[in-house]
Amino acid sequence: MYLSNVINSKDNNFNLMRMLAAFAVLFSHSYALATGDAENEPLRTIIGITPGHIAVDIFFITSGLLVTRSLFYRRNLIEFAVARVLRIYPGLIVAVITCILIGALVSSLTINEYFTSKHTFIFLFKNSFMLLGDVQELPGVFLNAPFDNSVNGSLWTLPWELKMYAMLGLFGFITLLFNFIYKTNWLTFFILAFFVFSLVNYFEYHFFTDIRGQKYKLFRFGTLFFYGALMYLARRKIQLNKNIFWLSLVILAFSSFSHGLFLILYTLILPYIILYLAYVPAGRVRNYNRFGDYSYGIYIYAWPVQQLIATSIANVSSTAMIILSAIMTFFLAYASWHLIESKAVKLKKYVKHYPIFNIDNKPLPVKLK
């Protein structure tokens with residue numbers, strides 16, 4: 001079976017995989033937020049990265065694959081942009097407002113001081129926009145937390161997610177312009193070129209420098225996102241084979257003895273493992289799709305819930321943190337999906353089609369099943 005045989009089917013395991021990835025982030029953060037020391041996360045010492053790190057990589061790879069599929073399916077930059085905005089911003093803005101309300105309850109400032117502080121408004125507006133980065137502090141909030149006083153530490157990846165969307169959209173826009181001059185597969189060229197550029201620089205920064213700043217993050221997330229995009233472009237060549245899948249797992253297991261070798265092989269192999277798990281296992285596991293996509297809600301609500309627990313229960317254990325925060329966060333994620341996110345994404349059907357923003361003139365493909 002080739003990826004092209006299943007890529008347009010919505011009957012897959014992506015919702016479940018993203019859900020598990022979101023809980024993996026919650027799991028990893030529990031150790032830092034409960035104990036005050038991120039090094040207490042057990043897997044970090046074994047392979048050099050945490051379940052939360054792996055989970056974020058999974059988010060970017062799957063996003064690259066599915067968002068690129070969306071762009072090639074819609075072939076219209078306006079419809080593509082609106083779909084991305086409706087998926088990210090409604091849930092995010094409500095989560096930011098929720099964080100502010102939680103902050104008002106626990107802040108050391110008075111209600112009047114809290115809501116008239118410029119820092120509260122900066123938190124609201126910058127985190128509701130996100131393209132220019134996130135703000136982590138609210139005045140007087142979580143000052144006695146074991147780890148730090150950040151209100152929602154998970155939000156730091158969202159600006160990078162949005163930048164990847166914007167970059168893919170920019171490549172689509174340049175393709176639109178170039179097609180007036182000479183029509184060829186410009187979008188594929190730009191995606192491939194940026195992936196190679198990111199991959200080379202990611203490994204160079206990781207192994208030959210101690211720099212872990214903005215450029216490092218750009219190259220890390222650019223590698224992962226556009227690797228996913230490339231897998232969509234190569235869908236007719238990628239065979240989802242059980243033997244290749246198990247061989248990939250064995251290679252990763254043996255390479256874990258060297259953190260450096262593991263990172264290289266992990267970066268190159270993980271996307272295939274994700275594809276296999278997303279499309280091959282079937283049967284009862286697919287029943288999860290009946291419930292909804294709660295992963296985004298879990299991701300954006302877990303940290304403030306965990307900080308609330310850490311400052312409310314003295315010396316809370318990591319295990320208790322995992323259990324309590326998982327339960328509380330799930331209820332918030334459930335409400336977010338059913339009351340906000342699922343309703344917001346349906347609004348994209350009202351977007352007017354403007355042919356001038358089509359990246360090509362081909363007829364629309366078969367509707368996603």
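Note: Cβ is positioned from N, Cα and C throughout, glycine not excepted.
According to TrEMBL, the features are:
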type     : residues : note
SIGNAL   : 1-34     : signal peptide
DOMAIN   : 12-336   : domain 'Acyltransferase 3'
TRANSMEM : 42-67    : transmembrane segment
TRANSMEM : 88-111   : transmembrane segment
TRANSMEM : 164-182  : transmembrane segment
TRANSMEM : 189-208  : transmembrane segment
TRANSMEM : 214-233  : transmembrane segment
TRANSMEM : 240-257  : transmembrane segment
TRANSMEM : 263-282  : transmembrane segment
TRANSMEM : 294-314  : transmembrane segment
TRANSMEM : 320-340  : transmembrane segment
- Message: Quick test of the contact rule: Cβ under 8 Å, at least six residues beyond the ends. What residues does that give for the transmembrane segment (240-257)?
- Response: 1-3, 6, 46-47, 265-266, 269, 272-273, 275-276, 279-280
- For the transmembrane segment (263-282), what are the same-chain contacts with Cβ under 8 Å, counting residues 6+ beyond its ends? 1, 3, 6-7, 9, 12-14, 17, 48-49, 54, 57-58, 61-62, 65, 199, 202-203, 206, 223-224, 227-228, 231, 238, 240, 242, 244-245, 248-249, 251-252, 255
- Mind pulling out the one from 42-67, 164-182, 189-208, 320-340 with the most Cβ pairs under 8 angstroms to the transmembrane segment (294-314)? 320-340
- Message: Applying the under-8 angstroms CB criterion, which one of 88-111, 164-182, 189-208, 214-233, 320-340 scores highest with the transmembrane segment (42-67)?
- Response: 214-233
- Note on the structure: Ranking 88-111, 164-182, 214-233 by Cβ pairs under 8 Å to the transmembrane segment (189-208) puts first 214-233
- Query: Near the transmembrane segment (214-233), which same-chain residues lie under 8 Å Cβ to Cβ, leaving out any that are not at least 6 residues past its ends?
  - Reply: 3, 7, 57, 60-69, 72, 157, 160-161, 163-164, 167-168, 188, 191-192, 194-195, 197-199, 201-202, 205-206, 267, 271, 275
